[in-house]
Ligand SMILES: *[C@@H]1O[C@H](CO)[C@@H](O)[C@H](O)[C@H]1NC(C)=O
């Protein structure tokens, strides 16, 4: 009796795990091409759908991802996103992508995508990439760093929500493409969010949080935190 209850519990756990979503919820129609209509006082989880009778092939087309992004900025990298904000036909379909360009020694600084796991393909160049796990349950342990050097043809996964980075360690440009399990993965660049917010986070909060003198926080908050995408 006890045994069968245990087995049932195990099956219940697996069943519950199997219905957890790994991407946006399934769409309820063939497609739902987004329209920039905010006049309507209705909110949907995503964007409004264009009348399907008005939908054309161009609604599903984005052009120009063969072109390199401009990496002449302080980070030496540029992200060209192709999500529902650039390609309306992606609305409700649960995927998106991006092109990433890196000048020699360019960096895509530590950031997270709150709504998507990222599958990252390096086409050209050499990158040092990594991500850090969330806080461990055991307070004696530390957040764990996973890193790899990537070479052309390598695919690396950045799990949803975890802080990650890509750094060009080669002497040549690097080019990568990323796939996301969300039409709108979102990006939080850690330094920009913490030191470059508007209005600024009270420096006393950050001095205490980072255990440093307030003038260090003042210095960091005075910097220009550029956003590479
Ligand atoms: C790239 O960006 C830099 C800095 O904004 C600008 O001066 C330069 O003209 C841009 N290059 C191209 C090819 O657009």
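Placed from the backbone N, Cα and C atoms, the Cβ positions cover glycine too.
Unlike curated records, TrEMBL annotations are generated automatically.
Owing to the predicted nature of the structure, the values given are computational and were not obtained by experimental measurement.
Within its own chain, residue 118 (Mn(2+) binding site) has 157, 158, 164, 178, 179, 180, 185 as residues 6 or more apart in sequence whose C-beta sits under 8 angstroms from its own. Sequence annotations record features per position, and here TrEMBL assigns Mn(2+) binding site to 111, 113, 118, 164.
According to TrEMBL, the feature disulfide bond maps to 32-49. Sequence-distant contacts of residue 49 (disulfide bond), defined as residues of its own chain at least six apart whose C-beta falls under 8 angstroms from its C-beta, comprise 29, 32, 33, 34, 35, 91, 92.
Annotation source TrEMBL lists domain 'Cupin type-1' at 63-218.
Sequence annotations record features per position, and here TrEMBL assigns signal peptide to 1-22.
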Q) Which number gives the other C-beta atoms within 10 angstroms of the C-beta of residue 32 (disulfide bond), all protein chains shown included? A) 24
